Amino acid sequence: MPAARPPSDARDEHLTPACPSRLPAAPARPVTGRRVPRRRHRGALVPAWPQAAVTPSRPGIAPPCSYHRERPPAVRTHTLQPRHALSLVRNLGILAHVDAGKTTLTERILYVTGATHKRGEVHDGTTVTDFDPQERDRGITIFAAAVSCDWDGHRVNLIDTPGHVDFFDEVERSLRVLDGAIAVFDAVAGVEPQSEAVWRQADRHGVPRIAFVNKLDRAGADLDTAIASIRERLHTVPLVVQMPIGQEDAFTGVVDLLRMTALHWDGGTYERRPVPDALRDEALRRRRILEEAVAELHPEALEEFCATSTLSERTLATALREVTMSGEGVVVLCGSAYRDRGIEPLLEAAVAYLPSPLDVRPVRGTHGGAVEERAADPAAPLAALAFKVTATATGRLTYLRVYSGTIRKGDAVLDTGTHRTERVGRILRVQADRHEDVDRAVAGDIVAVIGLKTARPGTTLCTPSAPLALEPPTVADPVVSVAVEAARSLDTDRLATALARLAEEDPSLTVRTDPETGQTLLSGMGELHLEVAVEKIRRAHGLDVAVGRPQVAYRETVTRGVTGLLYRHVKQEGGAGQFAHVVLDVEALEPTGDGAADRKDHGDAGHFVFRSTVTGGRVPQEYVRAVEAGCRDALTEGPLGGHPVTGLRVTLTDGATHSKDSSEMAFRTAGRLALREALRRAGTALLEPVVDVTATVPGDAVGGVLGDLAARRGRVTGQSVRAGTAVVTATVPLAELFGYASRLRGRTQGRGTFTTRPAGYAPAPRVG
């Protein structure tokens, strides 16, 4: 049975590090926790901090939670409240490389918190979040899925994201609306290519993270090797707060390095014990490493460490939260999701160290050209961002993150993309493919609504009387295209409708008609992305679709610069004429060390930047902007093969106007025609998309794999062998990878696997 609630005069010892009280010592005797999946616990686990007394958390201040209370840790308190204080809300994502165990971890979190009463398994197709038939057939996450659970009085909204590179855009849209994330790593493989990619995405969005090294029960699992890969490949400081007890099949628990106690799992329960004597010296050594790492990152911790040569548990915990929030380090925990080991401490760390909506910066948007901020306040005007749209039997679902204000059923909301007002029909609390009606959603909530006809991913919904446009998620350019057509001519219109709906739900898919062949081209992020899209059309719409061979998206870039190109646009056909005089410099764009454009440039860093050096008001600013717009028009088709042009800087150096005939339209036309002429003079080269390939193959198959990569114009960048398994990395043109999965399986008798991630563009070989 759980331990009794401590007496009132002892409750000070059961508060979090944010409370000005000392923390408890480690328990002298084992304390056993028992999972109670259906009923609410009324004993020692009810928070000692009264609900009404909870103050909103602030950056650097640990919220009221049970992470540092002395309590039976395996029993859960998930008081299902209709409304949670903002300080008790966590909007988190699960991020990882494919097959690192994201979905299994999500399933165990739902089970441990009582949100589900049966463990779902990926290999059985019974998981909550992988509910789409294609996900269950393929055994991978394809679509981001939202679920919610309650842990120790906190509402935890989780988004399980895809781990395959082809579904990069699903991760991007999810990160845009998250406050924190749990990054999952395989204890055998460490940091894998897509792990690194999603980490960089989270860096770009400023999303604080904690890490979970999973699969410690696997043969070859090594926590220290995984930690080293986190440090070396992600360029962050891992702050390891646990060490494993046992290895591989003998992995039974972890040592909590903050409280210096051992957690042992056995079946459906676990217990907290003193650290075994055989592990105490190693645990003390690791605790010392943790204290030194934290002291280097946190000024207050450094002062205490210099004065006492150690850190108190309270100081260490508070410093870990502040370092996590600032992104200077990452708290690392470990376990095995499949075997239910390490889930409860991970949840406790998530609510202790990751931010609530009150801890992050107020959302910023624009209105009338001015930047405005909206705090996470239910009483403020509404500002919500649509990040996902799906068509279901229930209706058209628009997933929203509410940043400020309150949205109620029947409310009229303004779509800032279309400037139309729409009415909210229903508001749903989402649990993957299950939905529950609620009457309202407030700041900090992630919900789905029915009734919005024009909202798209990236659309801002706001109060009509207080409009605000939030920055939408970025959408990557598609790199692979296939021709699609209906097998029966009678289904052509139905296919067009299905493709339009597909592109509406997934902005990274584009549909266009080839002007030369008249074919309908579906473009996406990779072969698998397009396979999934076509199969969705077949299943959802009952259409027989014929698909052509994949084609890659080429680009053009300038080979040399052009200086002082003068272009004069004059047109007179009665009445007001057109006059624009521009002088342009065009040069290849060389990105800075961090990949960004110079601060005086504005545009798409790495693709196109435009600047003006005109002085004295010779060309008014509105005409300068028109010249830039015209230049962008010219970039859509290059002179070499009609491909988009990338990688150049255009500088407007001079110009002239006419008092009557100059206009924005005239200068836009001049900019377009001037840049086209400059591209013809400069000459362009063809670029093709390339990807970084990581192939994991048996050691005896390396020779054949290297030869095959060379035949595909691949450039091998690395090779390593460990325990009879070789890992080969190479940069390969995307066009050469079609069908590579089948070839690799054949060369390795089905034992080889590979992953890819985009690596930009490289010069394509000359033909003929």
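Cβ from N, Cα, C; glycine included.
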Query raised in the report: Given 509-528, 589-608, 649-668, 749-768, which one carries TrEMBL's region 'Disordered' label?
Result: 749-768
Report summary line: Students should find that the region 'Disordered' stretch in TrEMBL, chosen from 1-39, 40-78, is 1-39
Report task. Report the member of Lys102, His164 (the binding-site residues) whose C-beta atom has the most other C-beta atoms within 10 angstroms. Result -> Lys102
Report task. For the region 'Disordered' (749-768), jot down how many residues DSSP puts in helix, in strand and in coil. Result -> 0 helix, 11 strand, 9 coil
**Report entry** Surrounding CB atoms that lie within 10 Å of the CB of Asp99 (GTP binding site), all protein chains
**Finding:** 20
Report summary line: If you tally other C-beta atoms within 10 angstroms for each of the binding-site residues Ala96, Leu216, the top scorer is Ala96
